[in-house]
Amino acid sequence: MSEGLYTAVMGIRDFLKEYFNGFWDYETPKMMVIKNRPLGVIYRAVQFLVITYFIWYVFISQKAYQQSETHPESSVYTLIKGKAEHGDDVLDNVEYAHPPETFLTFLHRELTGKVPHFSVDNANCTTDSDCLQGLPNFDSHGIRTGRCIQYHNHPFKTCEIKAWCPIEEYAVVREPPLVQAINFTVFIRNSIHFPKFKVLRVNVESPPGMKTKKYLKRCHYHEETAPYCPNFRLGYIANKARENFTELCRTGGVIGVFINWDCNLDLDPSHCKPTYTFRRLDLRKDLADSGYYYRFAKYYDKNGVESRTLIKAYGIRLDIIVHGQAGKFSVIPTIISTVTALTSVGICSIICDWIMLTFIDKNEVYSERKFDEVTKEPTDTIRTEFSFISSYGSNHSDLSDGVPL
């Protein structure tokens with residue numbers, strides 16, 4: 001074996017031996033009194049910050065002494081109420097409300113028929129062979145009949161399609177927005193259940209001495225005066241979502257109604273009240289594809305010909321989103337949080353030791369006095385200023401004398 005390899009092997013052996021022997025050593029803190037005003041100020045300041053953090057944030061704000069539940073069971077029921085005059089018609093919620101939205105309409109009447117088609121690609125033709133019968137085109141309005149016909153009074157020809165006539169682009173009738181809907185009300189009943197604590201709450205509660213049914217017929221939600229009234233005006237919802245109601249009726253939109261239950265069950269469950277926030281969820285109105293609408297049709301027979309009225313409905317869609325959490329005092333989280341707080345106070349000593357051994361003058365003297373290595377117990381008792389110890393070295397010393405700072 002070469003000398004270099006032998007030296008390396010012996011070095012590794014000595015390292016492993018030293019590590020193995022050191023693994024069984026016991027370390028204990030050593031108490032030192034450092035009479036240094038700047039270091040003492042830093043130590044108390046860090047202590048104050050740590051204690052303040054745990055008292056104010058952990059215990060008071062986050063309620064770390066409570067057992068919590070963040071996945072409650074919830075149900076929501078909605079109903080739109082209101083009547084409006086639209087032209088010669090009087091509308092109620094049967095006409096304008098398709099849960100969970102209210103809508104306004106563009107509509108036109110159509111008949112089943114055959115028309116030349118020009119508004120899509122590959123619609124032009126010269127002979128019937130250019131128009132394959134039955135070929136669907138997802139960009140068109142119908143199915144090809146296989147005929148190539150003249151496009152109205154134009155000199156060119158296009159493929160004929162079988163579709164509802166006339167097509168939407170040429171027959172739409174715009175109806176005025178139903179601005180009276182600003183005073184319509186939305187009844188939102190929400191119940192929430194915290195199974196861990198066996199607590200059930202509902203966002204409906206009448207004042208003392210008044211029946212709930214009578215109260216619901218006359219109340220409107222208000223954050224302070226009527227927090228348990230679940231009737232919300234559409235105008236109020238649009239205003240809280242920072243939207244113009246007239247523009248919202250014209251383009252449609254999706255508004256999120258966020259119901260939040262934050263319950264401290266250390267108090268009576270009657271203090272558990274919901275809070276509401278409103279926010280526009282779809283793309284804003286200044287974009288081409290913003291708003292909310294959908295299509296549906298009403299069918300009827302006209303002179304023996306099946307006909308339909310196609311309705312493109314623009315409306316306000318309400319998405320009800322419920323969040324809930326509840327907490328109640330429990331011994332186990334209280335013990336865990338308290339032990340964590342007491343342990344974290346030890347950070348103060350670590351920070352100050354690092355400052356003392358790194359930045360303060362005579363740090364080598366501090367290091368020599370702070371770290372002692374005891375290999376065996378001495379036979380003579382060693383006296384210090386504070387106590388008698390029966391081991392080599394001192395576990396409590398005062399550096400106020402003899403060490404200039």
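Just so it is clear, glycine is given a Cβ too, placed from its N, Cα and C backbone atoms.
Residues 65, 337, 340-341, 344-345, 347-349, 351-352, 355 of the same chain lie 6+ residues outside the transmembrane segment (41-59) yet bring a C-beta within less than 8 angstroms of a C-beta in it. What TrEMBL lists as transmembrane segment is 41-59.
What TrEMBL records for CYS125-CYS148 (among others) is disulfide bond. Packing around CYS148 (disulfide bond) is summarised by its Cβ count: 19 other Cβ atoms lie within 10 angstroms of its Cβ, all protein chains included.
Under the heading disulfide bond, TrEMBL lists CYS131-CYS159 (among others). All protein chains included, CYS131 (disulfide bond) registers 23 other Cβ atoms within 10 Å of its own Cβ.
Counting only same-chain residues at least 6 apart in sequence, those with a Cβ under 8 Å from the Cβ of ASN183 (N-linked glycosylation site) are GLY82, ARG233, LEU234, GLY235. If you look up TrEMBL, you'll see ASN183 marked as N-linked glycosylation site.
The ATP binding site feature in TrEMBL is assigned to THR185, LYS312. All protein chains considered, the CB of THR185 (ATP binding site) has 20 other CB atoms within 10 Å.
For CYS229 (disulfide bond), the count of additional Cβ atoms within 10 Å of its Cβ stands at 20 [all protein chains shown]. Taken from TrEMBL, the feature disulfide bond covers CYS219-CYS229 (among others).
Other C-beta atoms found within 10 angstroms of the C-beta of CYS263 (disulfide bond) number 24, with every protein chain shown included. The disulfide bond annotation in TrEMBL covers CYS263-CYS272 (among others).
A Cα-Cα distance of 10 Å separates THR185 (ATP binding site) from CYS219 (disulfide bond). Of all the recorded positions in the record (CYS159, CYS263, LYS312), the one with the smallest CA separation from CYS125 (disulfide bond) is CYS159.
Across the structure, LYS312 (ATP binding site) and CYS159 (disulfide bond) place their CA atoms 27 angstrom apart.
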